[in-house]
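Take a look at the structure below.
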Amino acid sequence: ITCGQVSSNLAPCINYVKGGGAVPPACCNGIRNVNNLARTTADRRAACNCLKQLSGSIPGVNPNNAAALPGKCGVNVPYKISASTNCATVK
C-alpha cells in the first residue's frame, strides 16, 4: 500500500475531519478500501504512517473527528487515527 493510495482514498474525508457534520459515503468507502488493501502487518504500519503524515499536513484537522471516522463508518481499523499513534506497535 502506498501513501498515494491512502491519500486518494481518504480525500473525501477532509471536509469532515476539519469541520465535522455528516460523514460522506465516499469517505467511508475510502476507509474500507484502505482497510482492505492493508492486509499484512507491514501494510497496516505503512497505512498508519501515511495517515499520521496526512493528519499533520492538512491544516485545521480536528483530531477527535479523525479518530471517530472508522467507528462512524463501521470499519474496524486496528489503531487510532491520530498524529500521536505509534505505528511501530500496529500488528
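Every residue, even glycine, has its Cβ placed from backbone N, Cα and C.
CYS3 (disulfide bond) falls within a helical segment according to DSSP. For CYS3-CYS50 (among others), the entry in Swiss-Prot reads disulfide bond.
Feature annotation from Swiss-Prot assigns disulfide bond to CYS13-CYS27 (among others); the stated evidence is similarity to another entry. On its own chain, CYS27 (disulfide bond) has LEU10, PRO12, CYS13, TYR16, LEU69, CYS73 as residues at least 6 apart in sequence with a Cβ closer than 8 Å to its own Cβ.
Annotation comment: Swiss-Prot describes CYS28-CYS73 (among others) as disulfide bond, evidence class similarity to another entry. Taken residue by residue with DSSP, CYS73 (disulfide bond) is part of a helix. All protein chains shown were included, and the count of other CB atoms within 10 Å of the CB of CYS73 (disulfide bond) stands at 19.
Positions annotated as disulfide bond by Swiss-Prot, on the basis of similarity to another entry: CYS48-CYS87 (among others). According to DSSP, CYS48 (disulfide bond) sits within a helical segment. Proximity of CYS48 (disulfide bond) to non-local residues of its own chain (separation of 6 or more, Cβ distance below 8 Å) is seen for TYR79, THR85, CYS87, VAL90, given in sequence order.
It is 17 Å from the Cα atom of CYS50 (disulfide bond) to that of CYS28 (disulfide bond).
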